[in-house]
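Asker: Would you mind keeping the following structure in view while I ask a few things?
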Amino acid sequence: MKSIYITGYMGAGKTTIGKALSKELHMDVVDTDQKIEENQEKAILDIFAEEGEMAFREYESEMLRSLPVRNAIITTGGGIIEREENRKWMKENGIVVYLYCDPHVIAERLREDTTRPLFQKKDIDAFVTKFESRRAYYEEAHIHIDTTNKSVKQIMNELKEKINE
């Protein structure tokens, strides 16, 4: 089976659904952000602070190409879709899943999370604007799932159905 790339904005449920799908399909799950942190030996927050977003995006593109294109669940960082080369790579080498969640629901979920470099609690309007600027890229995915106010079980049932179509 081709690898499954799970995309979506921060807080949409990519990691949670990736782990659940991994168990269900008996496939390894790989988190691009986690792999970047391991390779760079620093937290993403520190990469952003010390090297900037452009350096992080380069690490992200390199990481994407190093991952298996068969029999893996790949959970991606929310901004991986900003580069056309990444979107093209994922579409050509796997099944791309977009997990949508209402940005106001995401903002509420992330309110206490201090590990997200692009999420500023004080500026929800900027957060929503960033979300909307990426939306068309996310929508290039093969499969779209709305996770807003749904349980993991509901999302998984819908996702399995769409993967098997």
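Glycine is treated like the rest: Cβ placed from N, Cα and C.
Among the features that Swiss-Prot reports, ATP binding site is placed at G11, A12, G13, K14, T15, T16, R116. Per Swiss-Prot, Mg(2+) binding site is recorded for T15. Feature annotation from Swiss-Prot assigns substrate binding site to D33, R57, G78, R134.
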Asker: State the Cα to Cα distance, in Å, between G11 (ATP binding site) and G78 (substrate binding site), rounded to an integer.
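Answerer: Per the Cα atoms, G11 (ATP binding site) and G78 (substrate binding site) stand 9 Å apart.
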Asker: Name the one residue among A12, G13, T15, T16 whose Cα is closest in three-dimensional space to that of R134 (substrate binding site); these are the binding-site residues.
Answerer: A12
Asker: Using DSSP and collapsing to three states, where does A12 (ATP binding site) fall: helix, strand or coil?
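Answerer: Where A12 (ATP binding site) sits, the three-state DSSP reduction gives coil.
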Asker: By Cβ count within 10 Å, point out the most packed of the binding-site residues listed: K14, R57, R134.
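Answerer: That would be K14, with the highest Cβ count within 10 Å.
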Asker: Indicate whether R57 (substrate binding site) is helix, strand or coil by DSSP.
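Answerer: For R57 (substrate binding site) - judged by DSSP and reduced to three states - the answer is helix.
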Asker: Taking just the CA atoms, what is the gap between K14 (ATP binding site) and D33 (substrate binding site) in Å?
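Answerer: One finds 11 Å between the Cα atoms of these residues.
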Asker: Have a look at the binding-site residues D33, R57, G78 and say which one has the shortest Cα distance to A12 (ATP binding site).
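Answerer: So, spelling it out, the nearest of the binding-site residues is G78.
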Asker: Long-range same-chain neighbours of T15 (ATP binding site), Cβ under 8 Å, sequence gap at least 6?
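Answerer: For T15 (ATP binding site), the qualifying residues are D31, T75.
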Asker: Could you find out if DSSP has G78 (substrate binding site) as helix, strand or coil?
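Answerer: In the DSSP reduction, G78 (substrate binding site) maps to coil.
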Asker: Closest of the binding-site residues to G13 (ATP binding site), Cα to Cα, picking from D33, R57, G78?
Answerer: G78
